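Q: Here's a structure for you.
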Amino acid sequence: MALRSVKTPTLITSVAVVSSSVTNKPHSIRFSLKPTSALVVHNHQLSFYGSNLKLKPTKFRCSASALTPQLKDTLEKLVNSEKVVLFMKGTRDFPMCGFSNTVVQILKNLNVPFEDVNILENEMLRQGLKEYSNWPTFPQLYIGGEFFGGCDITLEAFKTGELQEEVEKAMCS
């Protein structure tokens, strides 16, 4: 599988994913190609070369909801297992994302004990958590069993002192 920008001519074989960021909204198209065929992407136009090329979009499996009842129960147990829980990319010792690292540093600065959950280890957890919190991005911070926010909200609350107040309330309850 190859992922290339459509800004320059690209040769892709087997399975191709073509992304375009022309409108600042990435669009992806996935095609199955015969191994002897090729897909050339140039100036936002697709040209196909190969003998007897049959192009068809691949089928995507989309469930109605990634948040199964079992996963919802697991998430409820996780967010209530500690006073502060951070769902993040990576771990507190090795964050795999700048936003996750920012929230970890804020919590460490406040000397807040927290549980970290690496969402990169489980795709079902990652997708289900987006539905559970109704929040599309990570990290996701939970305080006292309630969703608090992502990186931007946490950073702003840290600057205003609101984060420390919420953490103190949760620790005392």
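We count from 1, first residue shown onward.
Glycine is no exception: its Cβ is also placed from the backbone N, Cα and C atoms.
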Q: From the candidates PHE114, PHE138, give the one listed by Swiss-Prot for the same glutathione site as LYS89, ARG126, LYS130, CYS151, ASP152.
A: PHE138
Q: Of 23-27, 133-137, which range does Swiss-Prot call region 'Required for CAX1 activation'?
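A: Here Swiss-Prot associates region 'Required for CAX1 activation' with the stretch 133-137.
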Q: With Swiss-Prot as the source, which of 9-12, 57-60, 97-100, 157-160 is set down as region 'Required for CAX1 activation'?
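A: Going through 9-12, 57-60, 97-100, 157-160 one by one, Swiss-Prot gives region 'Required for CAX1 activation' for 97-100.
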Q: Would you kindly give the Cα-Cα distance separating CYS97 ([2Fe-2S] cluster binding site) and ARG126 (glutathione binding site), rounded to the nearest Å?
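A: CYS97 ([2Fe-2S] cluster binding site) has its Cα 15 Å from the Cα of ARG126 (glutathione binding site).
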Q: Which is it, of PHE99, PHE138: the one of these binding-site residues whose Cβ has the most other Cβ atoms within 10 Å?
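A: It comes out as PHE138.
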Q: Identify, in sequence order, the residues in the chain of LYS130 (glutathione binding site) that are 6 or more apart from it along the sequence and have a CB within less than 8 Å of its CB; answer 'none' if there are none.
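A: In sequence order, the residues whose Cβ lies under 8 Å from that of LYS130 (glutathione binding site) (at least 6 apart) are ALA66, PRO136.
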